[in-house]
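Enquirer: For reference, the structure I am asking about is given below.
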Amino acid sequence: MRPSGRKIDQMRKVSFERNFSKHAEGSCLVKFGDTHVLCTASLEEKTPPWLRNSGKGWVTAEYGMLPRATGERMKREAAAGKQGGRTQEIQRLIGRSLRAVVDLQALGERQITLDCDVIQADGGTRTASITGGWIALYDCLKWMESRNMIKVDRVLKDHVAAISCGVFASQPVIDLDYLEDSSAETDANFVMTGAGGIVEIQGTAEGTPFSEEEFTSLMGLAKNGIGELVALQKQAIAG
């Protein structure tokens, strides 16, 4: 039995609140249970130096956690003067995941930055950031389309979403909360497109290596979960 009472293949309640920020071209407050992340997409009419005069645009991401997003207050990374390794790893993952479904040539020489700020953390902040970040990116592109800058269906090739899976109490489970994640025997993150393409898989065993059979079970849970998340994304943007 999972501490939350959920079934092994049951995700937490997921919700998207679009246009949460009045200033950003695109924004979304995403909730995976008690994990809440504000994702904003900001458009700039410039590209990184290595892309100048290439005709291509860029999509990148930054990630951070509010000091009291966790049980005890964390010091702001800005106060330390540098980002931690975990932060850099996560924001690169978010950027890679979103670029996987964007035609950078069709975007033109512009940059969209996704800022993913964790308001409350209870496990799965990176997967929530990717899934909610796609909504914010979509709304930013719709904003651009309304100003005759691009066509959304030419720039955005597919949905992308992410979910965590792991082995907890010797059982493969989906969408681990913090209590499960902190004591899981295996922890994995899956990023996939709406068409089922694999963007990234991160998997780590804690102490005991996991078997190919266990990995196959986790992969099956992830595919079903991401299918549900993509359906929720479609429902959110249709509203």
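Just so it is clear, glycine is given a Cβ too, placed from its N, Cα and C backbone atoms.
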Enquirer: Which one, ARG76, ARG86, ARG154, is listed by Swiss-Prot in the same phosphate site as GLY124, THR125, ARG126?
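Expert: Within the candidate list, Swiss-Prot flags ARG86.
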Enquirer: Using Cβ atoms only, which residues of the same chain lie under 8 Å from THR125 (phosphate binding site) while being at least 6 residues apart in sequence?
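Expert: Long-range Cβ contacts: THR35, VAL37, MET65, ILE90, VAL118.
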Enquirer: List the residues in the vicinity of the phosphate site, defined as same-chain residues other than ARG86, GLY124, THR125, ARG126 with C-beta within 8 angstroms of the site's C-beta centre.
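Expert: Nearby residues not in the site list: TYR63, ILE90, VAL118, ALA121, GLY123, THR127, ALA128, SER129.
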Enquirer: Only counting partners 6 or more residues apart, tell me which same-chain residues put their Cβ under 8 Å from the Cβ of GLY124 (phosphate binding site).
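Expert: Residues satisfying the criterion: PHE32, THR35, ILE163, SER164, ASP175, LEU176, ASP177, ASP181.
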